[in-house]
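The next block holds one structure in the form of structure tokens; read it before the comments.
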Amino acid sequence: MKNVLECSHLVRRFGERTAVDDVSLSIAPGETYGLLGPNGAGKTTTIRMVCGLLRPDAGTVHVAGLPVNTAAGPAKQLIGFVPQDVALYPDLSVRENLRFFGRLYRLPRRRLERRVDEVLHLIDLGGRARDRVDSLSGGMRRRLNIGAGLVHSPTLLVLDEPTVGVDPQSRHAILESVTRFGEEGMAVLYTTHYMEEAERLCDRVGIIDRGGLVAEGTPRELVALVAERDRVRLTAVGGLTAYADACRRLARVEGAARSGDKGDVVELVVKDARSLLPDLLDLAHALDVGIRSVEIDEPDLEAVFLHLTGTALRE
Amino acid sequence: MRVVLAIAAKDLRQRLRDRSAWVIVFLAPVLISALMALAFNNNDEFRANLGVVDLDRGPAAAGLTRVLKSPELEGTVHVRSYDSEVAARRAVDAGDVHAAIVVPKGFTESLHGGGAEPVRVLDSVDYGLQAQLAEAVTESYVAQVNADRLSVATAVAAGAQETDVPELAAKAALLRLPEDVRAQGLPDDPLKVISYFGPSMGMFFVLFTVGFGARGYFIEQQQGTLDRIAAAPVGRGALLIGKSVSTFVYSLAGLATVTVVSWLAFDASWADPVGVAALSVAMAVCVVCLTALVIALVRTEQQAQGLASILVFALVLLGGNFVFASGTTPAIRTLALFTPNGWALRGFTDLGTGVRGWEAVGAPLLGIAAFSLVVVAVTALLLRVRRTP
């Protein structure tokens, strides 16, 4: 089956800094592809090149065999772009926003009205169609942000971290919708730095770090890369950055990083956690770090990322 | 074309939902021009109350009074007589008369030879224009008297008898100087204040849309909708034209509102509606060009607002939107020729004084077009230099 998206050896530099370095990826029809990486890894730059918003310094992008570039080529008719921040007109109504973005894709009037109604139903905003966007809640705006990328029934839907800053209920609704898009045959490129989203939604995941694609495969294939390892989470107080650095120097530790919402967690990917645990506790004692709790888990995509890059996804 | 219309319609819808835009482009120009018309309306009924102090008591002084009371000045100049200079000065200071002319003793005698004190004008800082009129009439009359003196002196030098001098002087006085100078090419209709300040204020406020347009672009850039448009199959040209169409329609609607309301509600008059329309369209196109220039020059919404404000005030000050061109210095009048609004006001002034067609709007249209072309060239150059790959 012919791929919907083909990116080949994409490179993009900003001055001396290489934001995207030789990234190649492809997405088949009905496939949801997750681009997983921390902030600043190159996800958004890659997406901007895929959508024709940024010209690559090297490499090519094709959608359904058509080349994508910054001009208004036919490939853009097939792409639905959902930017990271809500990109809507706050002083227009929900329906007016959907209608405007549909018109940009030259939908005939009747079809446009039909699609607007369908999308309103899909994002569950039918009852607010006449309301101005600035009167909607944050979650509703997020849903409408996605809806605006769907009006023209794209072949490839590109979502750039659509759940950042979203409440749990809206987040659940967004993830449900994305699952449905894939089931309906739409190819989806989904960037996130939430490992659990990538695991839940994506048929395949590409791990991107410092501009480069470091691994790619199904979540199961990626977890298999660290199958013999354990993931250790130490909740602690004290000089945790120095402690993580010291842990990284221990034999059998393959990745260590400070993480957690409050920065009070050190995550480790290690071989044979149980035999290593006394060494970790001794080291904490030596560095005057107080360990509050220890968790030893099965490896997941987060552990894969830690193993491959040496840093945490949300570091 | 559909995409262009979609972008233009969306932009216009957004602008018309902004109440401040309604106030600035539609309401404010009408109100301000009406206020200015009220404030300056006494210009239509110019009056000069002049006092005359005749210390000469001779025919030459009486001649001056006759000139001031002549049919040409009837309705404009009112003359009151005073016995002494002190009384006249008191009347001027009290505002009873705007200025006073003092004819010195011996003024008539000086016709026959010998010197005399000069005729003086007592003026007031409050009525400069009326004092200027008094001076002009007096100078003109004194020039006539001096010409008479010269005629008599010439006759005496050629051998005329001293006894014939009074008769010669009377004959010379009958020969008028050709002082009646008429300016060619000036129309006969007086310019109504509202016919000037209506379009003037309309242009002033419509120039503010430069800031609206430029700010709107950067706001769209900030909120990500510009990216969303760029991700659609929409060329840069379509985006540019769509946004330009909305700015053009908005500016034209603002100017049309002011001219129509000035005409219907305040009795403004222009000789040629087609000329008014042509000037309005040219100015609206120019506003589009200026908006593009500001967008090309700056990088943020705040910078756009700042630069647009500076640009607008510079143009309206140089172009003469706040004062009649006749009330400014020659340097400012020359600088006005470098502004589109200065040219447009020239056109509106000519149309307001009865000049029609190409004679009234030809040069202004060419001036505005030249300005717009320069702006477009600079914008294109800037965009070429700053274009990011």
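Think of each number as a place in line: the chain as shown, counted from 1.
Placement of Cβ uses the backbone N, Cα and C atoms for every residue, glycine included.
Residues annotated as domain 'ABC-2 type transporter transmembrane' in TrEMBL: B:20-380. Per TrEMBL, the feature transmembrane segment maps to B:21-40, B:196-218, B:248-266, B:278-298, B:310-332, B:361-383.
Beyond the transmembrane segment (B:361-383), the same-chain residues lying 6 or more positions past its ends with a Cβ under 8 Å from any Cβ of the stretch are 272, 275, 278-279, 282-283, 285-286, 289-290, 292-293, 296-297, 337-340, 342-344, 346-347, 350-351. Remote same-chain residues near the transmembrane segment (B:248-266) are listed as 8, 12, 15, 21, 25-26, 29-30, 33-34, 37, 194-195, 198-199, 201-203, 205-206, 209, 212, 276, 280-281, 283-285, 287-288 (criterion: CB distance under 8 Å, separation of at least six residues from the stretch ends).
Tertiary neighbourhood of the transmembrane segment (B:278-298): same-chain residues 199, 203, 206-207, 209-211, 213-214, 217-218, 240, 244, 247-249, 251-252, 255-256, 259, 304, 307-308, 311, 340-341, 344, 347-348, 351, 361, 364-365, 368-369, 371-372, 375-376, 378-379, 382-383, 386, selected by CB-CB distance under 8 Å and a gap of 6+ residues from either end.
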